[in-house]
Amino acid sequence: MKNSRTWAWRAPVELFLLCAALGCLSLPGSRGERPHSFGSNAVNKSFAKSRQMRSVDVTLMPIDCELSSWSSWTTCDPCQKKRYRYAYLLQPSQFHGEPCNFSDKEVEDCVTNRPCGSQVRCEGFVCAQTGRCVNRRLLCNGDNDCGDQSDEANCRRIYKKCQHEMDQYWGIGSLASGINLFTNSFEGPVLDHRYYAGGCSPHYILNTRFRKPYNVESYTPQTQGKYEFILKEYESYSDFERNVTEKMASKSGFSFGFKIPGIFELGISSQSDRGKHYIRRTKRFSHTKSVFLHARSDLEVAHYKLKPRSLMLHYEFLQRVKRLPLEYSYGEYRDLFRDFGTHYITEAVLGGIYEYTLVMNKEAMERGDYTLNNVHACAKNDFKIGGAIEEVYVSLGVSVGKCRGILNEIKDRNKRDTMVEDLVVLVRGGASEHITTLAYQELPTADLMQEWGDAVQYNPAIIKVKVEPLYELVTATDFAYSSTVRQNMKQALEEFQKEVSSCHCAPCQGNGVPVLKGSRCDCICPVGSQGLACEVSYRKNTPIDGKWNCWSNWSSCSGRRKTRQRQCNNPPPQNGGSPCSGPASETLDCS
């Protein structure tokens, strides 16, 4: 199948370096927010007035999508009575190249005399459609314990234990979903958080009565606290990128069998509107004489913890895993990760994050006799007192007039020759487009923060998580041959990580960011650049930062160690651009 025009998979792209500074993709609290529209037209208009767009001397050659040859057919699976084969993505399409338009796996019926031993003995009631095994005491109790209502069928009488309506915990649906950590996107449900095992004790939070799911060990409300911003100054884009974005990047590189110790902050998919907006607005200041003031306020409203064992899996995930072939076939296991993610959440912090970045023109600041410390002081105290108490500003070593000048420039930043070049805002939690709209108009006020905090309380985002690989949900309680399936999932996860990486994309021009969407690569261009490869720009001889190529395969195990390498040549640094950050080689223990 080499050189074919095929492939239509839904796997998201490995998250690029900006992920975690951006918020939670497709989370409760992010729906309805469209920050990509705020201010972008004005920014582009100002460029059009002051600069003439020109094309870089680059000839774009369409790159066609290319798949590997088919793998060999597996033997006939005795339980599914099917056999399988698959193909890998070798080269994504790019620059209007020919796409891959058909499936990257094939399944066909077959006949075998081998017996199927895939059934796990059930001592209770076997649900008719979902195949779930539930305790007989849960029959006819008014709850859909099976997920298909078969436990409530043919009942002479319903003995309903819960007499009062109770709400579901905030964000509980996303907490039950699998998460693709290569994209920070939530996928299909892997846990059933609508299963209660007959439990009906109410849990009160803010006078609201909640029903605790069987799988949940604890869901603890947190005090809102004060709306305070932590402000930090960065004298260059490279400092800003390293300290704000790269430190909160996705977990795209794994050791320890894809296990990640501790709790970490979630990011956002580069495919989301907010992710693209953030890249376009901040990347254009790379290799400019701009300085950055980054401010952030965190709000925690609840802590969530999953039970450590005996979990009730969602019936859709249960059935999909049961249909996996025991003989390894990457295509079937790859589809499981596409549909249900790579990991599941064991602990989480729910709440919101309000952050903004002021981008200042260093030369204009010097002409106006401003320092970044002045901007810091004015921004911080404008939030606290609304710019009303002159003595506070004087005590900070900056005049009232100077502070008012800065704050007015923030509102008028789309005009030419201003000291404030941009205000980039990211609001997570609250699901309020109104708040996001206001956030782009001026620095946050106490009233705006109170409005946002009230919205976060009832519609929080998942901002931090602790996770386990999806294969940890495959236990002998639910699956025969669980050890075989787990080992297959581990192997497939390593292959999946390599296949969905944007390192397969050709470089974008002008520090554009390549993003792999299924089997197609796109370039996200900084504001001021456009074209399929960001090749049309107002800037000449732009410094190009280096980007890593794909990792090599792991070496064979020698001396209980194995290694792999990668090269900084996709593209290499050019015109004084920055080198790649991170290691060029990795070493792991092996046996």
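Glycine too: its Cβ is placed from the backbone N, Cα and C atoms.
Remember, it's a predicted structure, so these values are computed and weren't measured experimentally.
Looking up W7, W548, W554 in Swiss-Prot shows the C-linked glycosylation site annotation sitting on W554. Only one of C127, C133, C140 is recorded by Swiss-Prot as the disulfide partner of C155: C140. Record note: of W73, W452, Swiss-Prot gives the feature C-linked glycosylation site to W73, with no matching annotation on the rest. For the recorded Ca(2+) site, residues L138, N141, D143, D145, D151, E152 set the reference point as the centre of their Cβ atoms, and the other residues of that chain within 8 Å of it by Cβ are V134, L139, C140, G142, N144, C146, G198. Residue pair E152 (Ca(2+) binding site) / C200 (disulfide bond) shows a Cα separation of 17 Å. Outside the domain 'LDL-receptor class A' (120-157), and at least 6 residues removed from its termini, the chain residues within Cβ reach (under 8 Å) are 192, 194-198, 312, 314-315, 318-319, 322, 476-480. The recorded positions near C505 (disulfide bond), taking a 10 angstroms Cα-Cα threshold over the set L138, N141, C200, C523, W554, are C523.
C403 (disulfide bond) sits 61 Å from D143 (Ca(2+) binding site), taking the CA atoms of both as reference points. Counting every protein chain shown, 19 other Cβ atoms lie within 10 Å of the Cβ of C79 (disulfide bond).
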